[in-house]
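One structure is given below, encoded as C-alpha cells.
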C-alpha cells in the first residue's frame, strides 16, 4: 500500500480530475481504515485506471490524538508521511474547478462548512441509519453493522477478492474486532455480518493476529495518553457546553487524577488551554480501573473566575439527579477544585445536563448583577447556594455542542465522542461507553463472586 499512497500524493500535483474517498471528521480507526481500504480497492479495480485518493478528514497535527490509529499504522507498516490529510488538499477548489468526485465512507452527511461539496458526492458507504433530509442525492449504501470496515470487506470479497493483500486484510480485521469489542456477545455490538467477515478474513489469511491479542493492543493504544501533551490529553475526548457566550469544556482523561495533577506546568497549561480556545472553565473527568479492577471516577473543575467556579461546584455537589456523591480532594491551586466521584455510574453524558444547569444558574446571577463583568466577586458560599436553589430541582436539556457547531455530521458509533444524534440502530460504544460497559461487567462479576462465597 505504501507505493499506492505515494502515487496518490503524486496525483495531487497533476492538473487532472480526482476521485477522493473521504472519512468522517472524527477520523477514528474505522473511518481511517475504511477510507484507505476502499480507495485502494477502487483504484485496483478501476477499468479507466483512475486513482482513488483516501483523505483523512483531520489536520495532520491531530493524528497523535488517536493512539489506536497511530499504533495500527505502525503495526501494519504504513508510514504516516504517506497519508493525505484534510489540510493538505483543497477539496473546495477542486470542486469549483470541476475536478472532484467524492465518496463518503463511514458517514453520509457533510457538515455546514462542506455544504458546497455535496454536489460532488457520487457515493456513500455507511453503517448508520440514513437521515434522508440531509443525505446527498447519490448512490447510498447503508447497513446497520458494528463496523464500516465490515462493509468495505464485503465489497472487496464480493467484487474482486484477488485484490486483497495481507496488509489490507490486517487493517480490516483489526478494525472490525476493535469496533465490535472483540466480538463479545455479552456487549452485543457485533452483528452476524461482522462475525462472518472476520471469519472469512481469518480463513484467507491464517497468520492474522489472534483476536484477543489485536483487540487488547488496540484498546490499550486507544486509551494510552502517556505520550500526549496536556492540551492533547484534554482535546482527545472532549465536549463543550455553551450557553449565552459562556463556554465550558468537558474532557475525559483516562488516568488517575493525582497523576494528572502532578504533570509539569499543569496549571500554566490549563490556563493556556482555556485562553487559546476561549473556554471560561474546564471540567476534567478522570476515569481508570484500580488494582482491584474496580472503576474509579474523579472530577476536577478549573476556572479562574471565582463566581463561575463556585456555581459549577455548588451545583455538582448538590446534584441529586443524578447524585454524584462527591468528596473534595485537596488542590494546590485556588483556581482548581477536585473531587472523588463516589457514584461511578454517572458518565459524562449524564453530567452534561447538570453542567447546563450550572451555566443557567450562573447566567441568572449575572443578570441580577446587571452589568458587572465578574459576577458576585467576594460573595460568600452561602449566598451562592441561595442562588443555586432556584435551579437545583430541574435539569436543563439541550445539546452539548457549541451553538456555532453544526449538529451534523453524526459522530461515528465507535468514536471517542459519546453519542450520535441520528443513530437509532446499534448500541453506541465510545471510549467512555466501553469504560462504562466494562464497569458494569466488573461490578456484576464482583457481585456474583460475593454471592458464591456466602
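Here the Cβ of each residue, glycine as well, is placed from N, Cα and C on the backbone.
Quick look at what Swiss-Prot annotates:
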type    : residues     : note
MOD_RES : 1            : N-acetylmethionine
BINDING : 28, 106      : Mn(2+) 1 binding site
BINDING : 30, 106, 179 : Mn(2+) 2 binding site
REGION  : 394-421      : region 'Essential for homodimerization'
REGION  : 397-420      : region 'Disordered'
MOD_RES : 400          : phosphoserine
MOD_RES : 411          : phosphothreonine
MOD_RES : 415          : phosphoserine
Cβ atoms near the residue listed as 'N-acetylmethionine' (within 10 Å, other residues, all chains): 18
Nearest-integer angstrom distance between the alpha carbons (Cα) of the residue listed as 'N-acetylmethionine' and residue 106 (Mn(2+) 1 binding site): 21
Length of the line joining the Cα atoms of residue 179 (Mn(2+) 2 binding site) and residue 106 (Mn(2+) 1 binding site), in Å: 13
Number of other Cβ atoms within 10 Å of the Cβ of residue 179 (Mn(2+) 2 binding site) across all protein chains: 28
Average model confidence [pLDDT] within the region 'Essential for homodimerization' (394-421): 33
Distance from residue 106 (Mn(2+) 1 binding site) back to residue 30 (Mn(2+) 2 binding site), taken between C-alpha atoms, in Å: 7
Structural state of residue 179 (Mn(2+) 2 binding site), classified by DSSP into three states: helix
Number of other Cβ atoms within 10 Å of the Cβ of residue 28 (Mn(2+) 1 binding site) across all protein chains: 29
Neighbouring C-beta atoms (10 Å sphere around the C-beta of residue 106 (Mn(2+) 1 binding site)): 33
